[in-house]
Amino acid sequence: MSVSRRVIHHGLYFAVLGPLIGVLFLVLYIFFAKEPLILLVIIQVLPLFILLSITTGAIPAMLTGVMVACLPEKIGSQKRYRCLVGGIGGVVITEIYCAVIVHIKDMASSALFENILSGENLVVRIIPALLAGVVMSRIITHLPGLDISCPETDSLS
């Protein structure tokens, strides 16, 4: 598989599945760390919650996928290092993206965006980005569309 095809597949899969994995872990975090009754409120607004996570997390997730696709073969061929780089890259890219959005006041005009992007809710951004980066880096070679018989993707699994 060519590098450009791998970049496109990784970027799209990360952009589509990454925010959803982040939402799953965030809901579990809220359920176990806060009161379980708050989960009922989240379930009521789950479609808005998912939409918000996709609008704020798709671009950083796509950039993380592109970064993972461009890893050198020595790092990308080992699952442990690929997951480590994917997790750290997810956090760093998400924080840079959120910092850019905060400085562009037009995009962060709503109170909901300002609340999520503020420094007080760092855990709400870091934990989902870290876990989504790790999980997606782990499962990316098993998703459809990637030619598993190709030596370039065999070295990544």
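Backbone N, Cα and C atoms are what each Cβ position is placed from, and that goes for glycine too.
With respect to the membrane, V3 and E35 are recorded by Swiss-Prot on different sides. Residue counts for the topological domain 'Cytoplasmic' (58-83) under DSSP, split into helix (H, G, I), strand (E, B) and coil, are 21 helix, 0 strand, 5 coil.
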